[in-house]
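Per Swiss-Prot, the features are:
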BINDING   ALA8, 14-20, 47-48, 67-68, 101-108  NADP(+) binding site
BINDING   ASP29  substrate binding site
DOMAIN    2-162  domain 'DHFR'
Amino acid sequence: MELVSVAALAENRVIGRDGELPWPSIPADKKQYRSRIADDPVVLGRTTFESMRDDLPGSAQIVMSRSERSFSVDTAHRAASVEEAVDIAASLDAETAYVIGGAAIYALFQPHLDRMVLSRVPGEYEGDTYYPEWDAAEWELDAETDHEGFTLQEWVRSASSR
């Protein structure tokens, strides 16, 4: 199964401020993001899950949480570790699971990712949440497409670092 991180980030790696995106909404980015993850399970932190309850993404939500809890959503599953999240996604017969944040979840999964799909928003923004740094030697830029308001980059972990 492939683990893929999906995020929108500014040039300074900012992904959020006070729980919101720090830049104006980019409808084309939101559309491609929702379309990409619609039919597959997503892995996200509890806070991110709670913030999206009115419009949950993905076919299932694997919510990372250290505390024992259940969710009042049939498609939500709790996981306490990367391994447990991967096992849950595999039990759902997923070929791909998308890691969609927040910052601590991105950092936790970074060493385990196969791909990153990053919407690069031009400019630097003030924020309190950042996408983790990655070792450029371990990644290859596979595709880059310019869109209005963002550039979509697809990164693949290099074969030598797997």
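Using the three backbone atoms N, Cα and C, a Cβ is placed for every residue, glycine included.
Around the Cβ of ALA104 (NADP(+) binding site), the same chain contributes GLY45, each under 8 angstroms and 6 or more positions distant in sequence. Within 10 Å of the C-beta of GLY16 (NADP(+) binding site) we count 21 further C-beta atoms, all protein chains included. For the recorded site, ALA8 (NADP(+) binding site), the DSSP three-state label reads strand. Here the Cα atom of ASP29 (substrate binding site) is found 15 Å from that of GLY16 (NADP(+) binding site). A simple Cβ count within 10 Å picks out one of the binding-site residues ALA8, ALA107 as the most packed, and that one is ALA8. In this structure, ASP29 (substrate binding site) is part of a helix by DSSP. Under DSSP, GLY16 (NADP(+) binding site) is assigned to a strand (E or B) in the three-state scheme.
Sequence-distant neighbours of THR48 (NADP(+) binding site) (same chain, six or more apart, CB under 8 Å from its CB) are ILE100, GLY101, GLY102, ILE105, listed in sequence order.
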